[in-house]
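Please read the structure below before turning to the comments.
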Amino acid sequence: MKESGRKQGAPSPCAACKLLRRRCAQDCVFAPYFPADEPQKFANVHKVFGASNVNKMLQELPVHQRGDAVSSMVYEANARVRDPVYGCVGAISSLQQQIDALQTQLALAQAEVVHLRVRQTASVSPHGLGHPGSPSSSGSPSSRLMRSQAKPIFDMDMVVDQTSLGESLWSC
């Protein structure tokens, strides 16, 4: 532990005891989680939860769970200081919006890949399906039916996707 300037050999009080202006006992519940060199960590937790509540929560938990509890309280307190109304829910909501936007971009990119593959296949075969005796037309009747129906349906879907692609690019 760090040495204090007042008494030689006495450890410096933890950040909680410094902020609360009290003597830091050897069995201080805050000391392992709020070191003296991180005063803002406890200051934010104290501002949001209160020292008494944090003390009660830590004493009710088993020692092996206290570190995780302090990490959660510090995260929530920092989020509340940044955004007093929404706290970490605001951060979660922002991340969810980013996920939604990225999933939309991914879906559009995947649709474009499929569209380009269909165009490439159509350019290789003049009719898009190959000739009746060719290997590309072999298979069960249902698979041939699905291949013959897939192209017109896909073209219709691509018109919708291209429209929403334009809208999503302009809305950014």
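Placement of Cβ uses the backbone N, Cα and C atoms for every residue, glycine included.
Bear in mind that TrEMBL entries carry predicted annotations, made automatically and left uncurated.
Pulled from TrEMBL:
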DOMAIN    12-113  domain 'LOB'
COILED    92-119  coiled coil
COMPBIAS  123-143  compositional bias 'Low complexity'
REGION    123-146  region 'Disordered'
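On the 0 to 100 pLDDT scale, the domain 'LOB' (12-113) averages 95 in this prediction. Across the domain 'LOB' (12-113), DSSP assigns 73 helix, 0 strand, 29 coil.
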